[in-house]
């Protein structure tokens, strides 16, 4: 007999309390004090009053796209392998925003450029700071580390270092390994898609989210990506789009494939009903990603400036109208966990503002 996790039982009994808005941190480190003002400007402007909206997704996406411009194989061959988390996507935006996977990032690049110049901080730092502050606005999210002191000088990233939604699993895992990340860590980083929506893959349904709870950092993304696809999100199929299990939800080809690949399927399944593991694993992977290409010993730990998120875990469910028979489980090691089924029939998921 498989037992439901205790937090699922608590939620089913209605005992999970609502949580207040994220609280701002403070700092006793003078080297970090500038970030208090940056945070306040960022929360009121970029994040629309500290909300978990599309600005958070853009901030996370920018942090990944800046950092992943790092290649050990290029460096080993005597070429410039990229600076990692170096702010080059802002400093050299005229070039890097023309790279295919970096489309639709100009809407956050320019506000962050202005904020960095206003407060006298580096582009590299403000990118990672925006990701950490933004994530803290989402219920269930971990409090991410923030290290300050990255250089404000960078070179243009080599092209073709950012994996895209149309890439195969082989291509994605190879690119991530070249940057120093394992297959498990690649799955862990995809937790960012739990608070994300597509933009540029299907213009007819811009803002369609990747799961049914795009304003909550929870495991629904991992659960719902394993559901059988039955419909297109919009009137036509977009770029790198697979059939979706729920009206209004967008499914990327790369997410679909990684969830079912034998190298990643068991890690994916492990995250479907374990929000604590999801949170811890995402934070650990972001620690590495956010300092890629930097010497950590030269940086200041300013994590205490990051708001304290409302981190009560949200228990996963099967959407209303779905059963375990709709799950395309691909992990041969363990059966898919028992999940409660949400009442009723899952409604169409509205798009988020982009």
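Each Cβ is built from the backbone N, Cα and C atoms, and glycine gets one as well.
Taken from TrEMBL, the feature signal peptide applies to 1-18. As annotated by TrEMBL, disulfide bond applies to 32-302, 52-138, 266-331. What TrEMBL lists as domain 'Plant heme peroxidase family profile' is 60-306. According to TrEMBL, the Ca(2+) 1 binding site annotation covers 66, 84, 86, 88. The annotation heme b binding site is assigned in TrEMBL to 193. As annotated by TrEMBL, Ca(2+) 2 binding site applies to 194, 211, 213, 218.
Here the disulfide-bonded residues are 32, 138, and the one ringed by the most other CB atoms within 10 angstroms is 138. If you measure from the Cα atom of residue 84 (Ca(2+) 1 binding site) to that of residue 52 (disulfide bond), you get 26 Å. Around the Cβ of residue 302 (disulfide bond), the number of neighbouring Cβ atoms within 10 Å comes to 24.
Among the binding-site residues listed (66, 86, 193), 86 has its Cα nearest to the Cα of residue 32 (disulfide bond). Counting other CB atoms no more than 10 Å from each candidate's CB, the binding-site residues 66, 86, 218 peak at 66. Cα of residue 86 (Ca(2+) 1 binding site) to Cα of residue 302 (disulfide bond): a span of 17 Å. Every protein chain considered, the tally of other Cβ atoms within 10 Å of the Cβ of residue 84 (Ca(2+) 1 binding site) stands at 24. Taking the centroid of the Cβ atoms of 194, 211, 213, 218 as the Ca(2+) 2 site, the other same-chain residues with Cβ within 8 Å of it are 195, 212, 214, 216, 217, 219, 220, 221, 224, 314. Taking every protein chain shown into account, 88, 194, 213 are the binding-site residues, and of these the Cβ with the most other Cβ atoms within 10 Å belongs to 194. The most densely surrounded of the disulfide-bonded residues 266, 331 is 331 (count of other Cβ atoms within 10 A of its Cβ). Neighbouring residues of the recorded Ca(2+) 1 site, listed in sequence order and excluding 66, 84, 86, 88, comprise 67, 69, 70, 82, 83, 85, 87, 89, 124, 154, 157, 292, 293 (Cβ within 8 Å of the Cβ centroid). Summarising model confidence by region, the domain 'Plant heme peroxidase family profile' (60-306) averages a pLDDT of 97.
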